[in-house]
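J.: Below is one structure. I have some questions about it.
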Amino acid sequence: MTITFQDFQLSSDLTKAIKRMGFEEATPIQAQTIPLGLANKDVIGQAQTGTGKTAAFGIPLVEKINPESPNIQAIVIAPTRELAIQVSEELYKIGQDKRARVLPIYGGQDIGRQIRALKKNPHIIVGTPGRLLDHINRRTMRLQTVNTVVLDEADEMLNMGFIEDIESILSNVPAEHQTLLFSATMPAPIKRIAERFMTNPEHVKVKAKEMTVSNIQQFYLEVHERKKFDTLTRLLDIQSPELAIVFGRTKRRVDELTEALNLRGYTAEGIHGDLTQAKRMVALRKFKQGAIEVLVATDVAARGLDISGVTHVYNFDVPQDPESYVHRIGRTGRAGKTGMAMTFITPREKDMLRAIEQTTKRKMDRMKAPTLDEAIEGQQQVTVDRIRTIIEENNLNFYMTAAAELLEDHDSVTVVAAAIKMMTKEPDNTPVRLTEEAPLRTKRNKNHHHRSSKRRDGGGYRGKNNRSSYDKKRSSNDRRQKKSYNS
């Protein structure tokens with residue numbers, strides 16, 4: 001039985017936000033968790049990334065927020081700053097119409113800035129364990145008004161040595177509160193947390209959705225970041241797709257890609273979460289009607305799209321997680337038709353390739369990045385195919401006299417070559433500039449150096465000149481990363 005978000009009878013503010021985000025049908029984890037969350041039940045959810053668990057806990061969490069209150073009403077504890085940022089962005093979108101204030105807090109960010117933000121009375125805090133505990137110990141954040149706690153990816157926090165921090169944080173929350181705990185696995189220490197801090201929790205277990213992709217040809221191209229765009233345009237020239245979707249990881253990427261493709265002579269439109277629903281619908285209508293060749297999209301903007309006839313999907317940026325890859329390529333190969341999906345992998349993203357292959361239970365074939373000569377040959381072949389189609393239509397009587405006159409002065413090969421040259425779209429080398437995106441790594445590799453039984457996220461307050469080595473390391477990494485972006 002299909003459950004839609006209308007079935008949850010949410011407030012008008014949340015209904016508006018969910019509609020804007022493109023949600024229609026609830027995923028299994030959402031269908032089971034949201035009613036329990038709204039009923040104020042404690043929940044243990046076993047679910048992988050990509051199953052929609054952020055909305056599963058985020059919707060009931062935001063629904064219970066009182067926007068008129070100046071107090072912190074909910075905290076979400078996440079293992080990494082990347083996840084904390086991602087979750088806070090999702091919660092902001094869900095709570096936008098309700099005016100729910102969301103604040104992400106994590107190590108590596110200036111603590112003075114965080115303290116100033118905390119004074120602006122956020123309703124929801126999303127943070128990493130060590131930095132949350134740091135603020136508790138500094139007394140810059142008080143949790144006596146918290147009524148909902150979410151532990152996201154609890155097993156990952158256990159692996160990173162955060163279990164003591166989590167227990168300390170939960171000890172500062174009122175006894176009467178709701179806890180939603182999400183974990184892919186349930187090792188003994190996580191079970192102990194559930195026993196100690198949860199009341200008669202309901203268990204929800206959902207496996208990550210596996211999708212059959214037998215009718216989709218899947219390829220990967222190993223290509224450096226700076227060569228991605230030329231590789232994309234050459235593929236478009238060679239393959240000449242009827243309808244193509246290009247996926248970018250960020251809104252900035254989508255905007256820049258759309259502009260660059262149009263500069264190179266392709267007709268492209270971009271869609272992402274910052275565009276109004278009306279603008280997104282206009283772009284989609286043009287795409288369905290064939291008025292544009294390429295639709296450039298983020299994962300969130302493309303969620304729930306139902307477009308028939310998509311022949312090619314280009315993953316310009318590798319997706320955030322393997323399940324998003326499955327959803328992306330599922331835009332093609334529909335209704336029994338075959339489709340083609342190509343994923344650009346930078347040399348430092350090979351671990352993501354393996355993770356995707358494990359999820360789809362299928363190896364991708366390697367495709368060599370095409371050369372400029374191959375792109376020109378591809379466009380010539382498109383022209384030849386068009387000429388053959390026109391010949392087969394046998395509607396050429398009006399042009400026969402002019403053709404005969406040409407053949408009196410030139411041989412047939414020269415005449416045909418001139419026609420092919422005239423009709424062929426020459427590759428456009430107009431310079432374009434895209435902001436480089438940092439390579440995406442699997443969580444296992446991102447956290448490889450941080451796994452131990454010790455706290456890794458800053459611990460408690462040790463005085464203003466005595467930051468933890470982890471925070472110093474994170475700050476150093478931030479500086480290096482910032483430098484690489486600006487170079």
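Any Cβ shown, glycine's included, is placed from N, Cα and C.
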J.: With Swiss-Prot as the source, which of 3-31, 90-118, 177-205 is set down as motif 'Q motif'?
T.: 3-31
J.: Tell me, by DSSP, whether Gly52 (ATP binding site) is helix, strand or coil?
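T.: Coil, per DSSP.
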J.: Once the chains shown are all counted, how many other Cβ atoms turn up within 10 Å of the Cβ of Thr54 (ATP binding site)?
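T.: Cβ-Cβ neighbours of Thr54 (ATP binding site) within 10 Å number 23.
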J.: Counting across all protein chains shown, how many other Cβ atoms sit within 10 Å of the Cβ of Gly52 (ATP binding site)?
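T.: Around Gly52 (ATP binding site), other Cβ atoms within 10 Å: 21.
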J.: Under a criterion of Cβ-Cβ distance under 8 Å and sequence separation of at least 6, what residues of the same chain contact Lys53 (ATP binding site)?
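T.: Once residues fewer than 6 apart are set aside, Lys53 (ATP binding site) is near Ile29, Gln30, Thr33, Gly45, Ala47, Asp152, Phe182.
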J.: With H, G and I counted as helix, E and B as strand and the rest as coil, say where DSSP puts Ala47 (ATP binding site).
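T.: In three-state terms, Ala47 (ATP binding site) counts as coil.
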J.: Looking at the motif 'DEAD box' (152-155) alone, can you tell me the average pLDDT?
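T.: Mean pLDDT, the motif 'DEAD box' (152-155): 89.
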